[in-house]
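J.: Reproduced below are the annotations present in TrEMBL:
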COMPBIAS  376-386  compositional bias 'Low complexity'
COMPBIAS  387-404  compositional bias 'Gly residues'
DOMAIN    42-163  domain 'TPM'
REGION    369-404  region 'Disordered'
SIGNAL    1-26  signal peptide
TRANSMEM  184-203  transmembrane segment
TRANSMEM  210-228  transmembrane segment
TRANSMEM  234-253  transmembrane segment
TRANSMEM  260-280  transmembrane segment
TRANSMEM  286-307  transmembrane segment
TRANSMEM  319-338  transmembrane segment
TRANSMEM  344-365  transmembrane segment
Amino acid sequence: MVIFLRQCALCVLVAFLASWGLMAQADSVPSGLDKVVLDQRVIDLTNTLDSTTKAQLIAQLAALEQRKGSQIAVLLVPGTDGASIEEFANHWFRAWKLGRKGIDDGILLLVVKDERKVRIEVGYGLEGAVTDLLSNRIIEEHIKPAFRQDDYAGGVQRAVNDLVLLVDGETLPQDAPWSWTPEAYTLFLALILGAVGGVLVSARKLHWRGALATLALVTTTLTLVAVIGGREWAIYPLAVPFLMLMSGALFGALWLARTVFYMALGLLSYSTGLLLTDHYVRELSFIYWLVLPLAGLVVLGLYLLLFVLMKTAWSQSRVAFFIQLAVVAAVYAVAGFVLDEGLIGWLLAFPMSSCAALVIFGNVAGGSDSGGSGSSGSSSSSSSDGGFSGGGGSSGGGGASGSW
């Protein structure tokens, strides 16, 4: 007993020391940044922003604070000294005390230039206006494209414009129309070639060695073209063979079940047609053009299944069939009377009784199948003192991160 208590005490001590160490590490200030004075709205330790851009950002953020009370700060640093960008951003958010006390309506835009990382840290008070999804949109649509072109000032300015817009209660502009990129064309082509190769192998029109040789040739060619063209696209040697193998295995297996293969091919062709129409002809609602037709096919399939079950019940016993049909009719009548909505109520009662019919006829068909298998004899089993601080600084980790 004494040994057990001693071990428990030792475990508690180890857990305490480990958690204390983690908290100390999270609160520690990276070397070189411990003397940074947080007295401005824009601090650039990388000397990336020119004086004009910096002055414009400071004026814009000061006007926002005067107008709404919320605080937005911009911090550019060379590195995080080994800390994750989330921990780093949260540390400086709390140290800066962004936002008003008790409201915590502050935002920190952090750019880690040498590590090519960026994060938008959002205080509790603004998580409803600047959601994680919107933060991610800002990073993906405005920050990363600009940073990849070494336009750091433009990326920061666009991000600040978006954040100010959201704090003011407005919405971000609609997404730019989606367009095909060379990477997208390549991956789509890999899926098509893989599907064709899988079908040919399954149909014994192509030997698997030839398929692998073609796969290696296509991947090597695309990689060389990318390197010669000055584009280091790592997706070619990684994603292309994976997509081709995955597509080949899928469609090769579907080819063995021709009905399922043609159904999948028809669905894929229909979806591709919708995408092309939406992009080149007119904007479509995929709810009406994709989801609803698929739902209609599911309903049609269920009624075909019900027809098969009823036909099976009819062939087994006419008396039992009419008894089951009477039960379904009773369910329909009860549902119609309970709904009491006139014609609409009786129409709604029809799918309800159809579900009941599936259960009733399905149980009988299943019971007869199991009985038949039993008779055949076979069975199976189953702080900062600086001037720019609002007294806030509480953030639950909301926002988004990214790298370029």
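Note: Cβ is positioned from N, Cα and C throughout, glycine not excepted.
No curator has checked TrEMBL annotations; they are predicted automatically.
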J.: Check the domain 'TPM' (42-163) for me and report the mean pLDDT.
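T.: Mean per-residue confidence for the domain 'TPM' (42-163): 89 out of 100.
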J.: Excluding the flanking five residues on each side, which residues at least 6 beyond the ends of the transmembrane segment (344-365) place their CB within less than 8 Å of a CB in that stretch?
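T.: Counting only partners 6 or more residues beyond its ends, the transmembrane segment (344-365) has Cβ contacts under 8 Å with 302-303, 305-306, 309-310, 312-313, 316, 320, 324, 327-329, 331-333, 335-336.
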J.: By Cβ distance under 8 Å, which residues at least 6 away from the ends of the transmembrane segment (286-307) in the same chain are close to it?
T.: 267, 270-271, 274, 278, 354, 357-358, 361
J.: Within the domain 'TPM' (42-163), how many residues are helix, strand or coil going by DSSP?
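T.: Helix/strand/coil tally for the domain 'TPM' (42-163): 62 helix, 24 strand, 36 coil.
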